[in-house]
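*Asks:* Got a structure for you, written out below as structure tokens; questions coming shortly.
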Amino acid sequence: MRELQRIIIQEMGVAPVVDPAEEVQKRVQFLVDYAKATGAGGFVLGISGGVDSSLAGRLAQLAVEQLRAQGTGAVFVAVRLPHKVQQDEADAQKALEFIQADEVVTFNIGPAVDGFTEGFTAATGQEITDYNKGNVKARVRMVAQYALAGDRRLLVIGTDHGAESVTGFFTKFGDGGADVLPLFTFNKRQIRAVTEHLGAPESVWQKVPTADLLDDRPGQTDETELGITYDAIDDYLEGRSIDSEAAEKIEARWAATRHKRTTPVTLMDSWWRSQPTG
Ligand SMILES: Nc1ncnc2c1ncn2[C@@H]1O[C@H](COP(=O)(O)OP(=O)(O)OC[C@H]2O[C@@H]([n+]3cccc(C(=O)O)c3)[C@H](O)[C@@H]2O)[C@@H](O)[C@H]1O
Ligand SMILES: Nc1ncnc2c1ncn2[C@@H]1O[C@H](COP(=O)(O)OP(=O)(O)OP(=O)(O)O)[C@@H](O)[C@H]1O
Ligand SMILES: [Mg+2]
């Protein structure tokens with residue numbers, strides 16, 4: 001195994017083989033224990049139609065059902081956060097059918113994003129780029145989830161996991177902004193396997209990953225943007241040998257995105273003074 005690969009696998013906590021039933025039990029228990037320890041009234045999570053939020057949402061629903069069986073009034077609020085009309089809305093509805101959330105709220109982020117982009121133009125005299133606007137959409141979704149959490153004493157669930165974290169493929173303080181990450185240590189194929197195990201329809205667990213943040217390229221696949229396949233990332237995180245060009249791309253992205261996987265840098269930090277090496 002590559003030296004850096006060993007370090008990265010340790011940081012991501014990915015195991016080469018997982019037992020889906022055991023993972024469900026362990027992660028639901030984690031959510032139950034954390035809600036009890038914090039005294040929170042449950043969870044809120046944006047449901048896009050993608051496999052990550054489908055699984056995290058189902059785990060959250062199973063957790064609040066356990067909490068209620070123990071006499072608490074915990075709830076799970078699933079929130080649809082379309083930017084105007086979402087091109088794959090039908091997939092989001094299938095995900096909701098699978099999750100069976102206590103409550104579903106729909107919060108169209110279109111007007112907030114429009115207001116923001118107008119403000120950006122007024123302030124700078126320039127139109128915001130489609131890429132930068134994509135990150136604004138992810139951050140507006142974060143703000144919406146925290147507003148619901150603040151209103152109802154809920155915790156915001158995030159969907160970050162090994163295959164996304166390793167490449168820093170998330171918006172800092174956007175979808176990266178959350179309170180609890182029940183999918184962490186999974187890679188992408190493990191997420192699919194556990195979602196299938198929980199009885200999701202094939203269209204949900206096989207859904208092609210997309211951040212879907214761009215107006216110009218709706219539904220652009222993550223793999224197109226990354227230039228690396230999830231199969232390669234998953235193999236890498238399971239300690240397998242992959243094509244050296246793909247391994248170098250993963251390692252370069254991991255090194256360049258260290259700042260996204262830590263708290264904001266202060267005088268007390270020194271990790272940034274050296275480049276990580278294998
Ligand atoms: N070295 C450093 N130390 C501390 N902070 C640093 C920094 N370098 C940049 N920054 C800060 O980070 C910012 C850039 O990070 P960020 O705003 O995240 O922007 P960026 O990494 O450029 O974009 C996010 C990426 O994730 C993708 N994405 C977004 C959302 C969801 C998903 C998905 O699939 O789920 C994927 C998106 O398509 C894009 O490729 C900079 O503007 C700067 O403020
Ligand atoms: N249109 C949307 N509606 C609600 N939540 C969204 C939407 N788009 C993104 N999100 C939130 O942002 C998170 C990050 O998006 P991301 O694309 O990584 O996950 P996903 O869509 O669940 O799965 P995949 O990565 O396979 O597409 C989602 O898990 C979800 O919580
Ligand atoms: Mg998605």
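Each residue's number is its place along the chain shown, starting with 1.
Note: Cβ is positioned from N, Cα and C throughout, glycine not excepted.
As the structure is a computational prediction, the values presented were derived from the model and not from experiment.
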*Asks:* Of the residues T72, T159, T167, only one is listed by TrEMBL in the ATP site with G46, I47, S48, G49, G50, V51, D52, S53, K188, T210. Which is it?
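*Replies:* When TrEMBL describes the ATP site, the candidate it includes is T159.
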*Asks:* Please give the average pLDDT for the domain 'NAD/GMP synthase' (24-264) in this predicted model.
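*Replies:* Its mean pLDDT is 98.
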*Asks:* Using the alpha carbons only, what distance in Å do you get between D179 (deamido-NAD(+) binding site) and T159 (ATP binding site) once rounded?
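*Replies:* Roughly 10 Å, rounded to the nearest whole number.
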*Asks:* If you compare CA-to-CA distances from R139 (deamido-NAD(+) binding site) to each of the binding-site residues G46, G50, D52, T159, E164, which comes out shortest?
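*Replies:* Closest candidate to R139 (deamido-NAD(+) binding site), judged by Cα separation, is G46.
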*Asks:* If you count CB neighbours within 10 Å, which one among the binding-site residues D52, E164, D179 has the smallest count?
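*Replies:* Result for the binding-site residues D52, E164, D179: minimum number of other Cβ atoms within 10 Å at D179.
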*Asks:* May I ask for the distance between K172 (deamido-NAD(+) binding site) and E164 (Mg(2+) binding site), taken between their Cα atoms and rounded to an integer number of Å?
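*Replies:* Just about 12 Å between their Cα atoms.
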*Asks:* Report, as a single number, how many Cβ atoms besides its own are within 10 Å of the Cβ of T159 (ATP binding site).
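*Replies:* A count of 25.
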